[in-house]
Amino acid sequence: MSSEQNIQQCGLTQTVTKMPPQTNWITRDRAHIWHPYTQMKTADAPIAIVAGKGAELYDETGKVYIDAVASWWTNIHGHAHPYMAEKLAEQARKLEHVIFAGFTHPSAIELAERLLPLLPAGQSKVFFSDNGSTAVEVGIKMAIQYFYNQGIARKKIIAFDLAYHGDTFGTMSVGGDLSFYHAFQDFLYQVERIPTPIPGQEAACLQALEAHLQKGDVAAFVFEPLVLGAGGMLMYPPDVLDQLMALCKKHGALCIADEVMTGFGRTGKLFATLHCQEKPDIIALSKGLTGGMLPMALTTCTEAVYQAFYSDDKMKALFHGHSFTGNPLGCAVALASLDLLLAEETQRNIQRIVQRQADFMAKIKGHPLLEDCRQTGTILALEFKTDKQSGYFNNLRDRLYRFFLQRGLILRPLGNVVYVLPPYCITDPQLDQVYGAIEAALMGI
Ligand SMILES: *Cc1c(COP(=O)(O)O)cnc(C)c1O
């Protein structure tokens, strides 16, 4: 590209002179930018990433990083994927955005048509939003208004005590006690919590759920299926989830599956709830939906949920929407991501990663520095022993994080839990590098 470009728009021709290339990214970042989940005063300087390819990211000096956490669990096909970039550009040249109330467009329609048959049976309608938090929040609003519209007094929401469902007020409320939320505690609505069914707590969890359900006022149970991500990659098996969902069905409460992290192949199947016999009523999707390229989210629901809103009464409509609802660029990229996800090569890669993670876990299981190892599908979590209570602010976390970064690996521990959650295109040599560094950390850090 030349340094001077002609931009022709609406008949107007402008000459734009590009700024000479500059670096000193870090100083400029620090001058103006406030990063997420970061204590800006004590945090290490951020690393300026200028390009990416496959599972690799490149900083301004050319140093390579393997993205073993899939850029906050979003990336499934690797960075700057040429097929996705092409589909994005194609859509951008055709239609970049249109208001989604009163209007529709082919990419949204095609995405809904192609996605619904891949979900657990019974999902019938798709509602668009922008991120995982809004997808869950819409699911909760659907559940509450589902009963309200029918004049049924069910208002209670149930969630796991270590759940994470997002950072908006609505989703912080259903989140567990993750210590991020203390400042906002007085502003959150009341939610009933049940024990997370980690090994040993299954019976307590089921009993607590049933006790709440028996009161007859529960609207919905919202849960992360099989893996609780931000809570520390806590895992529980499909048969427990089946029993939890069956109890909800028996007592007339809706099941909201937050598949924001688990969706699109993470657990070895396309969706975590596909490991179960029971089906959720509402499903929240984001992160892998666009392969990690653009922010977009979906909340899907059964026909029964939809029908409670379908009425001659305008007040029974779902009053929710965002400026960028149904954004065509997001839809085009999600369609491209689906093409790649369903390709045989990706499905083989997912099974390869599942096997590699299992093999590595077998190798290090029982190591004296490890409290626990666990795996669900492509996710491997290793809980390091620590004298302090396990938790997000554990300082072992910072040492591990820096140790891996120095070796060109992005592994961002949740407290003392190191997890490997890679893009599906990660190669075997790249996985070897990740495992080698973890073994080095186990030799002593
Ligand atoms: C990340 C995440 C969310 C929130 O998604 P955002 O896009 O960060 O708002 C919600 N639920 C789960 C299970 C997640 O992992």
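The chain as shown is numbered from 1 upward.
A Cβ is built for glycine as well, from the same backbone N, Cα and C atoms used for every other residue.
Automatic prediction, not curation, is the source of TrEMBL annotations.
TrEMBL names Gly132, Ser133, His322, Ser323 as pyridoxal 5'-phosphate ligands; from the candidate set Asp67, Asp186, Asp258, Asp387, the record adds Asp258 to that same site. Annotated substrate-binding residues in TrEMBL are Trp72, Tyr164, Lys287, Gly321, and among Arg407, Arg412 the one listed with them is Arg412.
DSSP classifies Asp258 (pyridoxal 5'-phosphate binding site) as strand under the three-state reduction. All protein chains shown were included, and the count of other CB atoms within 10 Å of the CB of Gly132 (pyridoxal 5'-phosphate binding site) stands at 29.
The shortest Cα-Cα distance between Gly132 (pyridoxal 5'-phosphate binding site) and any of the binding-site residues Trp72, Tyr164, Lys287, Gly321, Arg412 is the one to Lys287. Taking all protein chains in view, 26 other C-beta atoms sit within 10 angstroms of the C-beta of Tyr164 (substrate binding site).
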